[in-house]
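What Swiss-Prot lists as divalent metal cation binding site is Asp28, Glu30, Asp291, Asp381, and the listing cites similarity to another entry. Sequence annotations record features per position, and here Swiss-Prot assigns region 'Disordered' to 147-173, 568-631. Swiss-Prot lists 152-170 with the feature compositional bias 'Polar residues'. The domain 'R3H' annotation in Swiss-Prot covers 178-244. Marked as site 'Interaction with poly(A)' by Swiss-Prot on the basis of similarity to another entry: Lys325.
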Amino acid sequence: MEITRSNFKDTLPKVYKAIEEADFLAIDGEFSGISDGPSVSTLTNGFDTPEERYTKLKKHSMEFLLFQFGLCTFNYDNTEAKYLMKSFNFYIFPKPFNRNSPDKKFVCQSSSIDFLANQGFDFNKVFRNGIPYLNQEEERVLRDQYEDRRSQSNGASTMSYISPNSSKTPVSIPDEQKGFIDKVVERVEDFLKNEQKSMNVEPCTGYQRKLIYQTLNWKYPRGIHVETVESEKKERYIVISKVDEEERKRMEQQKQAKEREELDDAVGFSRIIQAISSSGKLVVGHNMLLDVMHTIHQFFCQLPDELNEFKEVTNCVFPRVLDTKLMASTNPFKEIIYNTSLAELEKRLKEAPFKPPKVDSAEGFQSYNTASEQLHEAGYDAYITGLCFISMANYLGSFLSPPKDYVSCRSKIVRPFFNKLFLMRIMDIPYLNLEGPDLQPKRDNVLHVTFPKEWKTSDLYQLFSAFGNIQVSWIDDTSAFVSLSQPEQVQIAVNTSKYAESYRIQTYAEYIEKKNDESQTKRKWAEDGWKDLERKRLKTQYNSYIPQNPVFYGNCFAPSFAVKRSMSPIQEEAASDDTEEVHTHENDPSNPGATEQGKKPKNHKRQKIDSAPPETSDGGSSVLFEVPDTW
C-alpha cells in the first residue's frame, strides 16, 4: 500500500492496527545518498573499531534524507499455518507546514539519485506529496510556540482573538508606523459603525500585523475577531470580523482544533515510528545500521556523539531488533550461505535445506511477486527481508528435538541474534552489540603504515613481500593497515622500518595508544577552555553561562519513550513458546562474509579471518556464536 501526504491520515488507523496485530515487523529505507566523503574508505575500513564506524556514519551519512520507508507486518495464522503480511510504502518529505516549522536542509548524492531513477523511483511522490515529520524536540518547541501565541494573542502568523481579558495598556508604536496604524484604526472605526460583517486590511509585513493585533487588542477588548489569512498568491493579510461572545467562543474552539490538527499533521510520519517503538515488537532489517541511525536521527532526536549513548537511545526506541545479514553470516548459516546480499539471500533461502515460507497478503493489501524483483522499493525490500527471517528462523527449528517446521520470532533459539547490527567490511568484528560491550580482537598481527601520497597498493605488497600473504586496508591517501599472517612477524617488520625515510611502521597497539593520547589531549583542552570561559565570566560579571550538551533522549522523547524498556516488553512473550532441547552442529568459525573494499584495487586473494559472535542462546541451547581464542 503506497502512502503519501494525500492519504496518510485516512490510512493511519490501518497502520496502527497492523502494527498492533503483528508478530514481528520488517523495515527498509531508501536514502538520497550514502556518504558525503571522497571514497568508500571514508565510511568503511577493514580495521575500524565500532566507535570509529559509528562516528564516520554519523559524520558522513546523516545529512542525507530517508525519503522512502518500507514497513511490512507479519502475523502468524496458527489455523492456516501461514503468515499474513501487510505492506506499507511511505513517501517522506519534510515540508514546512507553516512559517514557524523547521525548514530542513538535506543533501543528495548524484550516484544514488541516478541509481534510484534507473530503478523507476517516482521522485514526485517524495517532493510533491511526501509525508512531513517532526522529531520529538521540534514537536515540543512548536507546541510551546502555540501555547505562547495563544496566551499572548498577538498572532504575527496565526489567528488571534480580542477578548475581555485583553491588554489594558496602550501599545508603543514607532513613529514610522504611526501613520499606517492610524489609518487601520480609522477604517475599523468606520467598519464598526456600518452593517458590514467583515473587512480586510491590505497585505503588510509581519511586524505591521503584530502592531495591528496589539493595537486592536487594546482599543477594542470586545466584539471583534482578528485573524491572518493567506491568499493564493501567498500574500498574508488581516481579516477583521464582528462577533458576539458566543460566536467568539465558537471561533476560539475552532482555532484550537485547527491548531491541534495542524500540529498532528506536522508530526506526520513520526507517529508511525512512535507506534512501532511503543509496540515493543521485534523489528527486522537487512544490514540495518544505517536504517536505524537515520530513523532515530530524523524522527526522534539528534544522534549522540558517543557510541554507548547511541546504544541506550536505540534500546529505548527499538527494544528488539534483528539483522538478517548478520544472521545469515553466522552459525549455523554461514557454511551454507555464500552471498548475503538481500536479493541473493532471498533466492538461496528458497533452496534446500531451507523451505520457502508460506506467506499471503492480507485482504486489501498489495501482494508482491519475488520473480519480478522490485528491489529498491522500500516496501518490497522490507517484504523479502521478512521472508528471509522466517526461512532462517524455521531452519533453526531443525535443530530442536523433536524438530519443528515453524519457529516463532519469540523462540529462545532466535534470541541470540537480537540487538546485534551487522558491521560492513570490518574484518574481525562482525557486529555492533547494542546490549553491551563490543568485541575487542587483539589485532596483534596488524600494522599501521604511513607512506608518500604517490604509493599504491602494489607498493605495499612489495614492501611486505618477505612476510607472505598480507591484507591491506586503506585509511587515507598516506596511511593504511596491513595485516600479516603471523603475529610474530610484526616486530620484525617494525624493526626493519626504523631507519626508513619514506615510510613509517608501527604496531596497531602503538597506533591506538597514540590516538587515545591525542583524544585525551583534545578533551583536556576543551575542559580547560570551559574553565577559562568561566573565569572570564566571573571577572566581567556576565550572566551565568552553562554549556549545554546536545539533547539525546531526555527532552526529545515523549514520556512513553523516556524509560528504557525491558527486552521483552510484551506480556505474552515473557515465556518462550519452545522448550525443546536444541542441537547445533559445531563448526569452526569463518569470515562472516565481509569483504574489504579499500581506496584502491587489490588483486590478491584474501585469507579468511575467524570472526564469530560470542553469545549463546538461552535455555540450555548450544553455542551459535563462537569466539576465537585470540580474542
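Cβ atoms here come from the backbone N, Cα and C positions, even for glycine.
Location within the structure of each feature annotated in Swiss-Prot.
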residue: Asp28; record: divalent metal cation binding site; contacts (Cβ under 8 Å, 6+ apart): Phe69, Gly70, Gly285, His286, Asp291, Ala378, Gly379, Asp381, Ala382, Thr385
residue: Glu30; record: divalent metal cation binding site; contacts (Cβ under 8 Å, 6+ apart): Leu66, Phe67, Gln68, Gly70, Leu116, Phe121, His376, Glu377, Ala378
residue: Lys325; record: site 'Interaction with poly(A)'; contacts (Cβ under 8 Å, 6+ apart): His286, Asn287, Met288, Thr340, Leu342, Leu345, Phe422
Take the domain 'R3H' (178-244) and count its residues per DSSP category (helix H/G/I, strand E/B, coil), listing them in that order.
30 helix, 18 strand, 19 coil
DSSP state at Asp28 (divalent metal cation binding site), helix/strand/coil
strand
Mean per-residue pLDDT computed across the domain 'R3H' (178-244):
87
List, in sequence order, the residues of the same chain other than Asp28, Glu30, Asp291, Asp381 whose Cβ lies within 8 Å of the centroid of the Cβ atoms of the recorded divalent metal cation site.
Ile27, Gly29, Gln68, Phe69, Gly70, Gly285, His286, Ala378, Ala382
Cβ neighbour count within 10 Å of Asp291 (divalent metal cation binding site)
25
The number of other Cβ atoms within 10 Å of the Cβ of Asp381 (divalent metal cation binding site), counted over all protein chains shown, is 26
What does DSSP assign Lys325 (site 'Interaction with poly(A)'), in three states?
helix
